[in-house]
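Q: Among the features that Swiss-Prot reports, [4Fe-4S] cluster 1 binding site is placed at Cys42, Cys78, Cys107, with the record citing sequence analysis. As annotated by Swiss-Prot, [4Fe-4S] cluster 2 binding site applies to Cys175, Cys179, Cys182, with the evidence given as sequence analysis. The feature domain 'MTTase N-terminal' is assigned by Swiss-Prot to 33-143. What Swiss-Prot lists as domain 'Radical SAM core' is 161-398. Among the features that Swiss-Prot reports, domain 'TRAM' is placed at 401-467, with the record citing sequence analysis.
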Amino acid sequence: MTVETFKPKQTTTLDIPVKTLEAASTNAVTTGNRIGFVSLGCPKNLVDSERILTQLRIDGYEVTNSYANADLVIVNTCGFIDAAVEESLDAVREALEENGKVIVTGCLGAKENQIREVHPDVLEITGPHSYEAVLKHVHKYVPKPEHNPFTSLIPQTGVKLTPKHYAYLKISEGCDNRCTFCIIPSLRGDLDSRPAGSILDEAKRLVESGVQEILVVSQDTSAYGKDKGGRTDFWNGMPVKQDITSLARQLGKMGAWVRLHYIYPYPWVDDLIPLMAEGLILPYLDIPMQHASPRILKMMKRPGRVDRQLEAIQRWREICPDLVIRSTFIVGFPGETEEDFQILLDFLKEARLDRVGCFKYSEVDGAVANTIAELISEDVKEDRYHRFMEVQAEISAERLARFVGRTLDILIDDVDEEGAIGRSFADAPEIDGMVFINGETELEPGMLVRARITHSDEHDLWAEVVDADTQD
């Protein structure tokens with residue numbers, strides 16, 4: 001079951017996925033049990049939104065995509081960087097102006113005083129993954145409607161905010177690392193891994209409902225199970241080890257694409273690469289490296305042996321030649337010198353990463369990094385950002401060019417009057433490039449087709465269909 005959520009008038013300024021809703025209509029009548037929902041931020045937050053929406057539907061509430069139709073609006077906020085805070089506050093403001101009855105949840109909700117200073121009229125505020133508290137507040141202001149649950153059955157997969165052919169699967173909450181630029185542990189707590197059996201049950205339901213791509217997410221995916229103390233769980237009557245490699249192996253047996261996100265560079269990441277080489281999970285590694293200067297990495301409290309990272313990249317590619325590596329970096333970190341930045345550029349040129357995101361350091365309220373060294377001016381950060389992206393654009397173009405002439409499986413995401421738009425194993429939704437198949441207007445979202453790559457640039461691929469699987 002998919003639902004529509006509002007699209008705030010303020011467009012996103014973030015380089016991360018944002019699921020939003022349609023603009024409010026001006027002529028509407030409320031029924032007393034309609035809830036509007038604004039979901040901002042990363043895929044982990046989107047999963048939280050899906051969970052809240054699912055329970056609302058189970059409780060008999062309707063979900064509307066209009067402010068005017070809504071009896072109450074929930075805003076699930078992001079508070080990771082200043083731009084996210086600003087956007088979240090703007091979304092709350094708009095919801096108050098358009099509707100007036102607003103509950104705020106999510107990461108920014110952990111900073112209630114900050115929200116109250118700007119928006120004192122918000123009804124209630126909860127922090128991240130406070131599902132029961134959100135529902136309790138909804139029941140308070142919009143009493144649970146009387147309904148027959150057998151006439152409004154919810155699919156086993158619950159409410160989804162993604163297209164029906166792919167879904168995010170969150171395997172844990174929180175993080176045990178203490179990177180100095182990050183406040184996630186203070187917002188979401190330490191690592192709390194879900195039982196493996198619960199994860200595999202959810203994945204099975206997703207695949208049985210038609211999901212063809214499972215995107216595994218958490219704050220620290222490769223740390224999955226570290227908090228379990230080596231204890232096994234059970235699934236289908238069999239013991240299952242609770243670590244990321246064992247979990248990935250089980251997920252890979254379900255017949256869908258499995259894509260891993262947010263892989264912290266622990267040594268045991270090596271164990272995942274053979275699974276990619278075997279074809280059990282996609283040969284796609286999203287591994288945020290953040291910087292390459294040992295001095296800056298030490299200040300960030302990140303792994304600082306860049307030589308080992310380069311050796312690992314070479315080793316991974318030898319084991320799995322098709323491996324696509326995505327990473328993110330921060331430029332303008334406090335105390336970053338031109339020498340540090342040049343080390344980062346040299347690393348890019350040597351590592352030849354496939355997909356790279358770059359963020360200018362943001363002085364996140366509460367981050368230790370704000371006070372450990374002199375802050376970098378906005379002009380310098382902007383200059384380094386553009387120089388970084390210029391270097392990476394050439395590398396990305398080179399890496400994508402290797403696909404020209406090859407035939408790949410393409411998962412179709414959208415079709416318009418010009419043709420179909422899809423993704424290969426090398427492309428995660430929302431954040432990576434796309435594969436354009438011009439003229440193929442008869443294809444449908446969710447179809448998996450074989451297509452020969454004919455052209456590439458630094459972001460995207462173009463292809464011609466060779467064969468199509470007509471099953472959605």
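In case you wondered, yes, glycine gets a Cβ from its N, Cα and C as well.
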Q: Between Cys42 ([4Fe-4S] cluster 1 binding site) and Cys179 ([4Fe-4S] cluster 2 binding site), find the distance joining the two CA atoms and give it rounded to the nearest Å.
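A: Rounded to the nearest whole number, the Cα-Cα distance is 18 Å.
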Q: Please work out which residue of Cys78, Cys179 has the most C-beta neighbours within 10 angstroms of its C-beta, and give that one of the binding-site residues.
A: Cys78
Q: For Cys107 ([4Fe-4S] cluster 1 binding site), write down the residues of its own chain that are at least 6 apart in sequence and whose Cβ falls under 8 Å from its Cβ; none is a fine answer.
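A: Gly41, Asn45, Thr77, Cys78, Gly79, Phe80, Ala84, Gly127, Pro128, Ile184, Leu187, Arg188 - these are the non-local Cβ neighbours of Cys107 ([4Fe-4S] cluster 1 binding site), listed in sequence order.
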Q: What's the number of neighbouring CB atoms sitting within 10 A of the CB on Cys175 ([4Fe-4S] cluster 2 binding site)?
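A: Here the count is 22.
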Q: What number of additional C-beta atoms lies within 10 angstroms of the C-beta atom of Cys182 ([4Fe-4S] cluster 2 binding site)?
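A: Here the count is 22.
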Q: Could you count the residues of the domain 'MTTase N-terminal' (33-143) that DSSP puts in helix, in strand and in coil?
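A: Within the domain 'MTTase N-terminal' (33-143) the tally stands at 55 helix, 22 strand, 34 coil.
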Q: For a quick check of packing: other C-beta atoms within 10 Å of the C-beta of Cys42 ([4Fe-4S] cluster 1 binding site), how many?
A: 22
Q: Please count the residues of the domain 'TRAM' (401-467) that DSSP assigns to helix (H, G, I), strand (E, B) and coil.
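A: Split into helix, strand and coil, the domain 'TRAM' (401-467) gives 1 helix, 35 strand, 31 coil.
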